[in-house]
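Colleague: Below you'll find the structure I mean.
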Amino acid sequence: MSGSCTDDRDRNRELELEYRSFSLPLAAPLETGDGTIESRDGFLVRIVDANHEGNPAPVGYGEATPLAGWTESLEDCRDALERAESAVQVDPETALETVSDQVAARHAITLALADLQATSRSTPLYQYLGNGPLVGRVPVNATVGSGSPAETAQEARAAVERGFKSCKLKVGQRSLETDLERIARTREAVGPDVELRVDANGAWTVAEATRALETLAEYDVSLLEQPLPAGSLDGHADLRRSVGEDGVAIGLDEGLLEHGVDAICDAGAADTVILKPMALGGIDVVRKIAAWVRMLDIEPIVTTTIDGVVARTGALHVAASIPDVPACGLATADLLADDLGNDPVLLENGSAVVPQAKGLGVEGVWDA
Ligand SMILES: O=C(O)CCC(=O)c1ccccc1C(=O)O
Ligand SMILES: [Mg+2]
């Protein structure tokens with residue numbers, strides 16, 4: 001089946017999985033409503049088809065970069081990859097089963113298997129996944145941290161000068177008053193045509209979110225991501241009803257991880273869902289959710305968890321395989337001070353240029 005991460009086209013493959021640890025400091029700590037991220041530690045994974053005839057043997061890359069509160073711990077991720085290292089010699093399905101509860105590890109394996117398949121077929125990963133047309137670009141949003149009102153406005157302005165047409169501000173770290181001022185100052189700084197979004201990472205109460213929504217509407221903010229704690233499904237459904245059809249969209253991120261897509265749809269809790277391959281357990285999971293929510297008129301937005309180049313580029317391919325995907329949170333390379341290798345993805349005019357080489361299109365990460 002095309003687009004799945006396993007494939008029984010050639011049954012006499014002999015897959016070998018290896019992994020290496022890495023640590024990537026952030027350029028500056030990212031403060032979110034549910035914690036501060038200072039560095040991203042994880043594992044680079046590669047799967048080689050050792051039985052391949054001809055040289056060089058195809059290789060697929062994956063990345064497992066756990067994030068506290070979002071995925072399994074670094075230790076559990078390492079243990080899961082160790083299990084997968086043995087299991088993959090049986091077959092890929094078995095490897096995936098042994099890590100089914102470790103979302104970051106499972107993500108790495110789905111990505112490495114799909115990259116291997118796409119590379120073997122000399123197809124860009126997104127085309128292998130989506131079976132679809134050529135996609136040149138995916139629109140992306142700038143991710144703006146929790147600075148003062150002046151810093152926030154200045155950061156967003158700088159992003160717009162670099163070509164971004166959508167900016168997402170982190171909120172919920174400062175007082176509501178200050179956050180609303182940050183939004184007002186940012187709108188002033190970027191003008192009327194730039195899309196503004198905000199992400200509270202669950203930091204607000206219903207009363208705060210209700211108040212914030214008035215200001216968000218006033219400053220034409222299009223999306224409010226995870227205003228209330230993840231557990232609050234009915235709270236988000238109520239907010240959504242209070243905003244009405246053409247108002248600020250309500251997005252769920254942590255709430256999707258906690259409740260799953262069916263519960264969100266049943267409750268009517270979201271206009272938009274945030275799909276993080278690393279936190280949801282893999283690129284196959286994200287593609288399935290995206291296809292499902294689209295049928296229910298819910299928009300899928302693909303983002304990273306501030307990942308290295310392998311997972312970031314993987315997320316871009318996943319986004320490129322979703323027709324007409326809205327601006328995605330994939331412009332996170334600059335948040336890292338170091339990376340696993342060269343970034344094959346250019347940002348141009350507010351869009352990420354999708355690599356058209358075979359597979360992921362990421363090179364030299366294992367040698368680096
Ligand atoms: O969506 C973006 O712009 C970037 C990704 C992002 O904000 C993020 C990064 C790490 C952990 C959580 C989140 C989040 O969306 O809440
Ligand atoms: Mg979020």
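Each position is counted from 1, following the chain as shown.
Just so you know, glycine gets a Cβ as well, placed from its N, Cα and C.
Residues or ranges marked as active site, proton donor by TrEMBL: Lys170. Here TrEMBL flags Lys276 as active site, proton acceptor. The feature Mg(2+) binding site is assigned by TrEMBL to Asp199, Glu225, Asp253. Residues or ranges marked as domain 'Mandelate racemase/muconate lactonizing enzyme C-terminal' by TrEMBL: 149-246.
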Colleague: Through the lens of DSSP with three states only, how would you label Lys170 (active site, proton donor)?
Modeller: strand
Colleague: What is the separation, in Å, between the Cα atoms of the residue listed as 'active site, proton donor' and Asp199 (Mg(2+) binding site)?
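Modeller: That separation, Cα to Cα, works out to 5 Å.
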Colleague: Hey, how far is Glu225 (Mg(2+) binding site) from Lys276 (active site, proton acceptor), Cα to Cα, in Å?
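Modeller: About 13 Å separate the Cα atoms of these two residues.
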Colleague: With helix taken as DSSP H, G or I, strand as E or B and everything else coil, how many residues of the domain 'Mandelate racemase/muconate lactonizing enzyme C-terminal' (149-246) land in each class?
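Modeller: So the domain 'Mandelate racemase/muconate lactonizing enzyme C-terminal' (149-246) is made up of 52 helix, 15 strand, 31 coil.
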Colleague: Can you tell me which of these recorded positions sit near ligand 2, meaning the Cβ is under 6 Å from at least one of its atoms: Lys170, Glu225, Asp253, Lys276?
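Modeller: Those recorded positions that pass the cut-off, since their Cβ is under 6 Å from ligand 2, are Glu225, Asp253.
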Colleague: Whole-number Å distance between the CA of Asp253 (Mg(2+) binding site) and the CA of the residue listed as 'active site, proton acceptor'?
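Modeller: It is 8 Å, counting Cα to Cα.
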Colleague: Within 10 Å of the Cβ of Lys170 (active site, proton donor), how many other Cβ atoms can you find? Include all protein chains, please.
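Modeller: Lys170 (active site, proton donor) is surrounded by 24 other Cβ atoms within 10 Å.
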